[in-house]
Amino acid sequence: MGEKGQTIMMALTAFFFLGMFATFPAGCFSDSNQHPQSKKKSVHLASPNRFGSSVIFPVQGNVYPLGYYFVTLKIGHPPKLYDLDIDSGSDLTWVQCDAPCTGCTKPRNRLYKPNNNVVTYADPVCAAMRYPGNQKAKDPNEQCDYVVTYADHGSSLGVLVKDYFPLRFTNGSIIGPRLAFGCGYDQKYSGPHSPPSTAGVLGLGNGKASIVSQLHTMGLTRDVVGHCLSGRRGGFLFFGDDLVPSSGIIWLPTSRNSPEYHYTSGPAELLFGGKSTGVNGLLVVFDSGSSYTYFNSQAYRATVNLLTKELNGKPLKDAPEDQSLPICWKGTKPFKSVGDVKNYFKPLILSFTHAKNVQLQLAPEAYLIVTKQGNVCLGILNGTEVGLKNLNIIGDISLQDKMVIYDNEKQQIGWTPANCERLPSADRDSSEGFSHHYALILPEDFPATYAS
């Protein structure tokens, strides 16, 4: 879950799950698991057409000034709309519960109300999600609890539930698969600002708790997720591999030794202006839940020192009065965009030493923002200072204007430059790497085939 605001200590993203028991507020929900009343017959998904389609969602938000990107999903029967932060650093999707809660999210009109659909410890999905301690219940009919702990010490506590997610697939089918997610009733946030006005988090990590993994298990999509975040505003998110270009992607293997819910690669060497900085062995995490990029203290200090040296003699001065980010500069007159100042800065490069010729290019647009005051600020922060230890986080600021693909089946991450403001549509030519036609999920209601 990304920083919700523009300070170092706002929420980053989930890097580990801490399982523990929690007692859901007494009398709120039943432990039984029932289908909603519907005139439509429930169907089970057949295997002959496995992995034949994808789902595409419009994305809203930006790095600055909002501080996060989100999608709107439908959940329930009849469906209700929920705005969820997109987070590739955690796998569990959760929504604020309509129950007595601590640290409730803001949209009181978009709380999720369970209806006899709490997951029990006896349900295989509870064991599959492998929260430490969640299989120790004496009574298998007890509710399956979760705690997700975020890197900045924020957290969400709740109970797992199952409900319908009406989805429009690119092959034209409309299905409402029944998926497990968290109903959160105790949220903690770090930092001085209030949490965002979203209802929860959409976990895109590669653990079994993720919505994408569940859709893959049902045979609806490939276990692939991707996003294209515009540097101006918005973009799109997709489940499945229909949109993955057949060429032009830089592919990087993910670490097989990393926890199975976030995307880690490394080691990497940091280059500045094409030259070595002497900083190498960097462990890198790709995280759409973090607005900014975080380097460990060694890489951060090297970056700041090199930028300071490079800016010597340039018409930029320190702007400590601008509190948008820790390091800001001002010019002789206010800047309107990064384009006004990018010629003063050199590109940064992460060169992955265990992958031949694989580099992540960070142009000035990928690590700078221009604030409301017209100053330019460094969108790379010191991760060691906020408790990330030796991790280096590639956040939204460095993922903008790229199609980023997390291929969980092949255990690799890919990226390629893209116009993220141009949503996929039926008239896209297959030569651009897209196949056939696509339909965006829009807020209007539509009938769905409901499936268990």
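Placement of Cβ uses the backbone N, Cα and C atoms for every residue, glycine included.
Those TrEMBL annotations? Automatic predictions, nothing curated.
What TrEMBL records for this protein:
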SIGNAL    1-30  signal peptide
DOMAIN    69-416  domain 'Peptidase A1'
ACT_SITE  Asp87  active site
ACT_SITE  Asp287  active site
Counting every protein chain shown, other Cβ atoms within 10 Å of the Cβ of Asp287 (active site) number 31
Mean pLDDT across the domain 'Peptidase A1' (69-416) comes out at 90
Rounding to whole Å, the Cα atoms of Asp87 (active site) and Asp287 (active site) are apart by 7
Across every protein chain in view, the count of C-beta atoms other than its own within 10 A of the C-beta of Asp87 (active site) is 30
